[in-house]
Amino acid sequence: MAANASVPRRQWRGFGPAVPALVLLALFFVIPVVSLLLRSILEPEPGLQNYAELFATSTYARVLYNTFLVAFVVTAVSLLLGYPVAWLLAIMPQRYANLVLAIILVSMWTNLLARTYAWMVLLQRTGVINTTLMKLGLISEPLALVKNLTGVTIGMTYIMLPFIILPLYASIRAIDPTTLQAAALCGAGRWQAFRRVLLPLSAPGAAAGGLMVFVMSLGYFVTPALLGSASQMMLAEMIAQLVQSLLNWGLGSAAAFILLTVTLALYAVQIRFFGGMR
Amino acid sequence: MLLTYRHLGGLGVALWAVTILVCLFLLVPIVFIAALSFGSSQWLVFPPPSWTLRWYRELAADPRWLEAALTSAKVGLLSAALAVLLGLMASFALVRGRFRGRGLLKALFLTPMVLPVIVFAVAIYALFLRVGLNGTLVGFVLAHTVLAFPFAVIPIVNSLEGFDKSIEDAAVLCGASPLQAKLKITLPAIRIGLFSAAVFAFLISWDEVVVAIFMASPDLQTLPVRIWGALRQDLSPVIAAASTILVAFTLLVMAAAALLRRRISR
């Protein structure tokens with residue numbers, strides 16, 4: 001009997017110190033998020049009409065399409081640009097590697113608004129990029145590089161690059177260089193060695209980084225809001241606008257729920273196949 | 001051969017070309033902002049016709065910028081303190097506790113890091129509208145503590161896992177109370193983890209924009225909110241000056257932290 005009585009206590013041994021944090025997260029994280037999601041099926045009246053409206057209204061469907069399109073392009077471009085950097089970074093002499101890593105870290109930790117502001121100025125009609133291109137005679141009219149999805153894509157790629165490079169760098173570094181030598185000894189040419197050895201071995205890093213960037217891009221707010229336009233919104237902006245300006249909490253929560261579900265599903269894929277976030 | 005630096009040959013040139021371009025791509029906007037903040041052109045002409053401190057003077061002359069910076073510092077310090085304190089306690093439970101659902105608890109503790117910020121921002125905004133915490137310091141601190149919490153827990157858990165508990169037990173055997181042993185033996189031993197946790201938590205709050213935009217009122221704004229508001233009006237060079245200060249401060253904190261960490265770990 002005495003042994004039985006002590007079982008529940010043993011099951012909670014050492015749990016006590018977690019209680020304050022648990023209370024904080026329950027009150028100010030779990031409850032608000034859950035009650036927000038509930039509003040999507042309760043307001044203005046119980047039912048799924050908010051979701052139906054989101055998918056049926058072309059404006060909202062367009063926003064969903066834009067969001068996935070931008071996230072996809074940003075991920076693809078970041079992978080293409082990031083792969084060579086991560087590759088060289090993994091094998092270059094340490095003193096150069098330290099410098100490149102420092103640049104990546106500084107850029108990562110520079111305030112998001114400051115970086116976005118830089119792109120707003122650089123990309124505007126009278127900005128450095130347009131004036132330079134015009135001076136070079138490459139274009140006669142300034143290009144519309146900002147207040148559209150082009151601007152959003154450039155700005156987001158800039159922000160996401162470090163998140164691709166770092167995991168890729170880690171996974172390429174972990175590859176034993178002798179496997180590549182073995183490939184060469186067995187008669188593989190450079191292209192074949194790349195395609196059949198290096199690429200498959202670094203694929204988990206690329207997939208993990210790519211998935212993370214894709215997920216982060218889906219929910220991005222600041223950069224699309226500043227570099228994009230109201231007519232080509234992305235999902236996070238739409239949620240903010242529905243809630244803050246239009247006070248349409250039902251629809252806003254439904255959009256938030258879609259974002260949340262996609263995000264968590266993709267993270268689950270990542271944890272399942274690539275062993276969690278490193 | 002593809003992973004041997006010396007044998008890259010022509011491929012090495014191509015890889016270097018991309019790497020240098022990407023590094024420039026990452027670095028140029030930051031340098032550009034700093035240059036503009038000292039440039040005399042109201043219209044952000046680059047390169048600037050001449051150099052001036054005018055935008056910094058304008059910044060200093062407007063008390064709202066200073067207030068915003070103070071609010072940012074206050075919110076950052078309070079959130080970091082709270083996140084580290086709760087994170088420390090939670091870490092003891094995560095590392096030493098033997099209870100069911102420990103993995104689940106850890107997952108919950110890390111969720112604020114992976115949840116899209118906009119979802120949390122809207123959710124906490126809704127709650128705080130109801131309980132009247134929007135536009136208050138308490139509201140800011142609570143929201144930022146939630147966001148900073150995972151970044152505090154990770155380094156503390158890591159360093160606590162690397163600490164040999166038998167040393168703490170030895171102190172207890174020698175007559176220290178369990179609390180004394182924790183305060184005098186364990187905490188000093190994991191100080192680097194605590195320190196990293198504090199720095200990360202502070203910087204998360206200091207740089208946070210999205211939740212802050214929802215939380216702010218005209219009377220209570222953090223520095224990023226103020227920059228956000230200004231950006232939506234025009235691209236004045238004053239924003240470049242404010243951004244430069246914000247970035248310089250972040251880099252300063254990181255550099256100081258790196259130095260201090262080296263000193264503590266000796």
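Each Cβ is built from the backbone N, Cα and C atoms, and glycine gets one as well.
Curation plays no part in TrEMBL annotations; they are all automatic predictions.
Look at TrEMBL and you will find B:12-38, B:75-95, B:107-131, B:137-157, B:192-215, B:235-260 tagged as transmembrane segment. Look at TrEMBL and you will find B:69-257 tagged as domain 'ABC transmembrane type-1'.
B:192-215 is the stretch from B:12-38, B:75-95, B:192-215, B:235-260 with the greatest number of Cβ pairs below 8 Å to the transmembrane segment (B:107-131). Among B:75-95, B:192-215, B:235-260, B:235-260 has the largest number of CB pairs under 8 A with the transmembrane segment (B:12-38).
Beyond the ends of the transmembrane segment (B:75-95), by six or more residues, the same chain brings 102, 105-106, 109, 137, 140-141, 144-145, 148-149, 151-153, 156-157, 160-161, 194, 197-199, 201-206, 222 to within a C-beta distance below 8 angstroms of the stretch. Through the fold, the transmembrane segment (B:235-260) approaches residues 30, 33-34, 36-37, 39, 41-42, 44, 55-56, 58-59, 65, 69, 195-196, 199, 202-203, 206-207, 223-224, 226-227 of its own chain, all at least 6 residues removed from its boundaries and within a Cβ separation under 8 Å.
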